Structures are given as C-alpha cells and as structure tokens.
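Visitor: TrEMBL feature annotations, pasted as is:
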type     : residues  : note
TRANSMEM : A:37-58   : transmembrane segment
TRANSMEM : A:65-82   : transmembrane segment
TRANSMEM : A:88-111  : transmembrane segment
TRANSMEM : A:118-136 : transmembrane segment
TRANSMEM : A:156-179 : transmembrane segment
TRANSMEM : A:209-232 : transmembrane segment
TRANSMEM : A:244-277 : transmembrane segment
TRANSMEM : A:289-307 : transmembrane segment
C-alpha cells in the first residue's frame, strides 16, 4: 500500500493509463502535437484549479470563479472594443486587478461577516452574471469587433507552445513557490489543517481565507481575458457551470474538501486528468449520453480514493488511541 | 420610469400626428418588443417597403422603450384610441397582451402577431419567420450547396435534449435523400457552451480528417466551430454553416471559416407582416385554418390549425450581404 501514499504518483499513473486507453481507440491522440493542444486546452482549467486549491485548503470553496471569469472577460472585451489600441499588457493588468477585486468581495464577506463561503460565492456567482448582463445589455461581443492582437496574444506560439500554455506553466511555478516556500503559503495550509492551532501560532484565520479568495479571484480574472481571447466571443453565459469542473479537478487532484491537504502538483494533475477526458471523449466515438456518466464516474472514483486514503489514516490514529486507553 | 413614459408618449404622439396628416390611407401599426433594437428597426424598413409598394398604406412603427408587456399594452391602448386599421405585434408576453388585443379586435381592428407570437385568442393569425421542415432542409442545403461533388458533413448541436435542434435535425434527416453524395458522419453536442462546442468541433476534425462541413444549428455552436476551424488551420477545407446571427458570424465569414449561414431576415418579416395585415384589413383575405394570404414578393402564407403560418426559408447570409446586416442584429 505504500505507493498509495503519493497521490501524485497514482494520478500520473492514472493519466498514463488513460492516455494508453484512448490511444487504443484513437492512436493520433498521443502524438506530441495533439498532447500539446490538449495541454493548451486544459490551461484555463489548470490556472483556475490552482486558485481553487488555495481556497479549498483554507476550508472554503469558491463557486464564483466561472462567473468572475465571465465578468472580467466581458470587461476586457468591452475595453478592447472601446479602445482597440490598448496594449495587451494593460488588459492583463486590468484582468488581474478586477479579478482580485471580485475575489476580495468574497473574501471580505467570509472574513468580516462570517458568512459560510458556499453561500457567499453562490450569491456572488449569480450577482457577477447579473452584472455582465447589465454591462453588456445581453449583447455579445463578437470576434470581428475584437482587435487582432487581443485575440492573437493567447495563440502566439513561443518555443512550440502557445502563450496560453506558457501562462499556465508560469502560474504553476509561482504557485509552487508561494505554497511551499513562503510564510503565506504555509499559513494557508495551517489554517485549513487546524484553524484553532493556527490561531495560537499567530495566524489570522479570516485574513488567510481573504487572501485565498483574492488569489483565486485574481487567477479567475486572468483566465477571463485568456478565455475570451481563445474563443473570440464574450457573452453572459461564458463558462457556465465551469466552476464545478474546477472543483472536480481539485477533488480528483487529491485536495481534501475538509481543508489543509493538497498540493500544487495534485491540482495540476487533477486538471490534466479532467482535461484529457474532455478532449478524448469527442474523438473516441462514445455516445454523448455516456460521456456525462464517464466524467461523473471519474470524479466519484477519485473521491473514493481520497476517502480511502483518509480512512486508513483515521483508523491508525483511533487504534493507537484505543491502545493507550 | 418617468422618462420611459415620456418617450412612449412621444412615440405614440408622433404616430398620432402622422396619422392625422393623411386620414384616408389605411393605417397599419407595427408594434415591436422595444424601440431601438436593430432587428426591429430592420423589420420597420421592410414594413415601409410594403407600404410603398401598396401605395395607400401608412405605417405607424411603435413600441415601448423597454421590452415589457406593460409598455406594449400602453402602446396598443393608444393605438386602439387612434382607431388604426390593423395591428401587427411582436409580443413581449404570450398571454399578457391578450385582453388588450381582444378589445382591439372587438373594435374592428385586425390583429396579427409576427416573430414572437400571442396566444391564439388574442390574434387573428401568427406569422412565424420559418418552419421546422424549412429550417431542417436549409441547414443541409447550406452545406450541400458548397459540395457539388458530395462529401462528409457532421452536425454540432446544442444539448442532447434541445427540442428545437432535435426537431430540425430530424427534419434534416428526412430530406437527406434529396442531397445524394452528402453523408452525415456524426452528430455531436456542444451543450451551447463555447468551450465544449470548440472541443467537439476540434474532435470532429480529428476523427474525420476528410470532413467537408460542420452544420451547427445553434448560435453558440456555429461561432465556436468557426473559431475551432480557424485555429486548426482548416479554413477552406471545412466549411462551418448552420444557423447564426450576422453580428456574431461576421468574423467567421470574413476569415472564410463560414461560406454562408442562415437565419430569418427581419426586413422580409416586417414586409410580410404588413402585407398580411393589409389584406386582412382590406377584407380580401380571411384568417382561418387552411386559408392562404398573399405576402407580395414573399409569395403566400398558408395557415395551419392554429392559424399560424411560416413566411419562408431562412435567409442565407454570406460575404456578399453580411456587411449590410452585421450592424442590424
């Protein structure tokens, strides 16, 4: 059972097995160019999963990420239509700042008003979508209205990979350093692992949760621009329901919904696993009715793995407790 | 609210003055969901075209300033007071307008609905822009027209349970015999999500390397598929077609990913509604099941059991006319 201890190892194994399975039905899927395309397609999910991971680590959940993405994306698109000459750098800064601000709203409500995160983000999720409607009047921003550089940035290929992929890699590296090498990252783990103990070590639990929501919001905002640029269209329902994919990626990646457990690598692998399924299902010729069932089954199996891993650990503690009695 | 009321009053008042100027003409009121919407401005253009063709008709183009049933009721009440000859309405609510429109009919005003219908008892007939069989035929014809040698096409639909899309695809399959050489190799579902539609379209191009066309009878799917074709570098090999709006598809037509697509033409719709209202008010046509009413250059409409009828095939948009329509709707 020792190999079970490293979730990353299991997940990597599962991903390789999944790729092998897909390859038996559609060989071209595992060609490097296609794998790069799959990675690129999964990049927004990876970025969002990393943000969600931070939030879940602190025993919270952010259901507003997809709505945040859509709202920030719409603002970026409208900004581009109004000022086509605006450099992409400025758009990126606006996306990050607006996303962080929207995340801060969630964070403040959780921190200062002590409302359960699931309620807060369920509310802001609907509000953000409503705001998009008010901003856009329900109208779409279409590809011919966007400037070529606006939609081209994410597609620009550097060293064989599009900028979108590079941004995901960059975010992953930054998050890896933040979560493992900074006091803030460790505080986030501590808050989720044992909030009471965290308080005694001088960590402000509410403030840490606030920071987690800001990080999640900022990454969602970044994805907002990237998403709009990639699909070259912005409207109210963009990425509808995507927040559930993001949470699913985290769960598959071994991030415990109970908080405190999870790694950057796990979140990335969880997102990749889901991304591969999403990209493979259309080419392996499976009925669309089965596709939903297969995606769902993958999530439940992952949770089952999580629950088993946790249960084993719990038993050990209980048994040792019994022994001491 | 005050401003809204004021604007409505002004709109109605201007109609009133125009009406007083030439009292002998037949006055047909075209009531739209809201003023200032490109689609309806275009319909008004069509109504004016019909009026010019008929000669003795004056169009009162009006509607509320926001898309509410209350606003429309207010507008219709003032039209009843003006005693117009006919009202052609695109309703904001199927049922809410019924009592007001009944009152209009009691006063001898001919009432028809078009585009967005009113419940049967509130109008004499309803003009649909098209019909399911016509749409089903059009979507495959759009693909086939660019494939004289035949070829492989795939359908990218909305969700597996979308009623409209399922009916259209069913109607399409019924007429496949008329398009020899065209083979539908797959039907996939993008769930009306841009990202899933994009992925499904990419998957289609991978699974069927010889694919010639993707038919997407949904506005989200057609745009996403066009983007997927551009990104895959398959412009010119895979033609994306189906149903979409000119404003949303302008980029895809420009890039060449879509040769042509279809949707109703608001100008034709306004024109036909006016023609029908004219004939009903003139008394040379009756709105009853099975009746046919002339629509001028658009031919005739035949009414079904619910006294509704279909205008025509969806209108085809391509590089030759997209620029005229992309700012309209």
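Every residue, even glycine, has its Cβ placed from backbone N, Cα and C.
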Visitor: Look at every Cβ pair spanning the transmembrane segment (A:37-58) and the transmembrane segment (A:289-307), keep those 6 or more apart in sequence, and say whether at least 3 of them are under 8 Å.
Guide: no
Visitor: Please give the sequence-distant neighbours of the transmembrane segment (A:65-82): residues at least 6 beyond its ends with Cβ less than 8 Å from one of its Cβ atoms.
Guide: 44, 48, 51-52, 91, 94-95, 98-99, 102-103, 124-129, 131-132, 135-136, 141, 145-147, 150, 216-217, 220-221, 223-225, 227-228, 234-243, 246
Visitor: In terms of Cβ proximity under 8 Å, which residues at least six beyond the ends of the transmembrane segment (A:244-277) contact it?
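Guide: The answer is 7-8, 11-12, 14-15, 18-19, 22, 38-39, 41-42, 45-46, 48-50, 52-53, 56-61, 63, 65-66, 172, 175-176, 179-180, 189-194, 294-295, 298-299, 302-303, 305-306, 309-310.
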